[in-house]
Amino acid sequence: AAVPSGASTGIYEALELRAVEHINKTIAPALVSKLAMQEFMILPVGASSFRIGAEVYHNLKDATNVGDEGGFAPNILENKEALELLKAGYTDQVVIGMDVAASEFYRFTASAGIQVVGDDLTVTNPKRAASEKSCNCLLLKVNQIGSVTESLQACKLAQSNGWGVMVSHRSGETEDTFIADLVVGLCTGQIKTGAPCRSERYNQILRIEEELGSKSFRNPLAK
């Protein structure tokens, strides 16, 4: 099972961090990427299987480095350059997602017509996030929110406010496949679980898909 806290922690989470000054002044400058945004992702919203997502992933095979979640980490300097890499010929079937790791990004919700996924705030205080209309989709991390029961409650709260729900893994956790079963059980239609080479959850979803047959596919983002 996954540990209570992963490698990615946010501003609304208790955290003990030793040698803070050394990390901030010596280690961080040597390791931190030049990109302003934390992650660039693909969402194969027009797909009926994982094939399209996998093909976009393999289209980036010339990128050099791989992160702990299986994603490519090429040496690029600008956000635009990262976006230009996400091409595999599926212009109408794949949309781009970005983890901006920002605490104040909700102003885009009303004007841009995009899905804004809340992370730390929705975990610690989903009622506040809903009342402030800070986002329109919940990123559901079971090992961050605390329990399966609390996860179900958060999902219901999000859906009652007209939000989407994206079930997510967490950096640094185990290969446990439970969230694959959870996302199918909740019928949210969205899962964030790293690149295809981290295949445990994808394989579990494929097994569930095979068992459910024609009743398996659900696309909440389809217009």
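Using the three backbone atoms N, Cα and C, a Cβ is placed for every residue, glycine included.
Feature annotation from Swiss-Prot assigns Mg(2+) 1 binding site to Ser8.
Secondary structure at Glu39 (substrate binding site), taken from DSSP and collapsed to helix, strand or coil, is strand. What Swiss-Prot lists as substrate binding site is Glu39, Asp119, Ser168, His169, Arg170, Ser171, Lys192.
The Mg(2+) 2 binding site annotation in Swiss-Prot covers Asp99, Asp119. Asp119 (substrate binding site) carries neither a helix nor a strand DSSP state and counts as coil.
Look at Swiss-Prot and you will find Tyr12 tagged as phosphotyrosine, backed by similarity to another entry.
According to Swiss-Prot, the N6-succinyllysine annotation covers Lys87 (among others).
Lys215 (N6-succinyllysine) falls within a helical segment according to DSSP. Within 10 Å of the C-beta of Lys215 (N6-succinyllysine) we count 8 further C-beta atoms, all protein chains included. According to Swiss-Prot, the N6-succinyllysine annotation covers Lys215 (among others).
The feature region 'Required for interaction with PLG' is assigned by Swiss-Prot to 202-223.
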Could you tell me which of these binding-site residues, His169, Arg170, has the greatest number of Cβ atoms within 10 Å of its own Cβ?
His169
